[in-house]
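Chemist: My questions all concern the structure below.
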Amino acid sequence: MPTPSMEDYIEKIYSLIETKGYARVSDIADELFVHPSSVTKMVQKLDKDEYLIYEKYRGLILTPKGTQMGKRLLERHALLESFLSIIGVDPSHIYHDVEGIEHHLSWNSIDRIGDVVQFFENHPDALKTLKAMETNKPETKE
């Protein structure tokens, strides 16, 4: 199993490849706000663990294992953003909150959250009831 840090890299690499068609060490460093040398070390580890194939100065490609994991991690992130949005979390907090919790939930928990999101998507009246509950509560300050 990849560590939370490895997951962040795999997710970002997958996202870059999906949007740009490639992911370079410098792109990954810019996106994750880390030094290129840190990216190189992690990319070498991900290569060793068979999530990607890395050749110095030539770039990297995700293996099928890395592609599958990257897709799953990106979907997890999007699902958690949807869930937090549905339950009424302030949009300005959603990204940060997802970053804080995504590595601490089991895949079983993620699947159950997916069920909740799907329920509210399929039952707009239930979503209206939830939103009504939200508007009847006093606002909390942070």
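Glycine is treated like the rest: Cβ placed from N, Cα and C.
The feature domain 'HTH dtxR-type' is assigned by Swiss-Prot to 1-63, with sequence analysis given as support. Under the heading Mn(2+) 1 binding site, Swiss-Prot lists Asp8, Glu99, Glu102, His103. According to Swiss-Prot, the feature Mn(2+) 2 binding site maps to Glu11, His77, Glu99, Glu102, an assignment based on sequence analysis.
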Chemist: To test your reading of the Mn(2+) 2 site: which residues beyond Glu11, His77, Glu99, Glu102, same chain only, put their Cβ within 8 Å of the Cβ centroid of those residues?
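Modeler: Sorted by sequence, the hits are Glu7, Asp8, Leu73, Arg76, Leu80, Val98, His103.
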Chemist: Within 8 Å of the Cβ centre of Asp8, Glu99, Glu102, His103, which other residues of the chain have their Cβ, at the recorded Mn(2+) 1 site?
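Modeler: Filtered neighbour residues, in order: Pro4, Glu7, Glu11, His77, Val98, Gly100, Ile101.
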Chemist: Glu99, Glu102: which of these binding-site residues has the highest Cβ count within 10 Å of its own Cβ?
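Modeler: When each Cβ's neighbours within 10 Å are tallied, Glu102 tops the list.
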Chemist: Could you break down the residues of the domain 'HTH dtxR-type' (1-63) into DSSP helix, strand and coil, giving a count for each?
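Modeler: Residue counts in helix, strand and coil order: 38 helix, 8 strand, 17 coil.
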Chemist: Would you kindly give the Cα-Cα distance separating His77 (Mn(2+) 2 binding site) and Asp8 (Mn(2+) 1 binding site), rounded to the nearest Å?
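Modeler: Cα of Asp8 (Mn(2+) 1 binding site) to Cα of His77 (Mn(2+) 2 binding site) measures 11 Å after rounding.
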Chemist: Averaged over the domain 'HTH dtxR-type' (1-63), what pLDDT does the prediction give?
Modeler: 95
Chemist: As a test of the contact definition, list every same-chain residue at least 6 positions from His77 (Mn(2+) 2 binding site) whose Cβ is closer than 8 Å to its Cβ.
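Modeler: Spatial neighbours, sequence-distant, of His77 (Mn(2+) 2 binding site): Glu11, Val98, Glu102.
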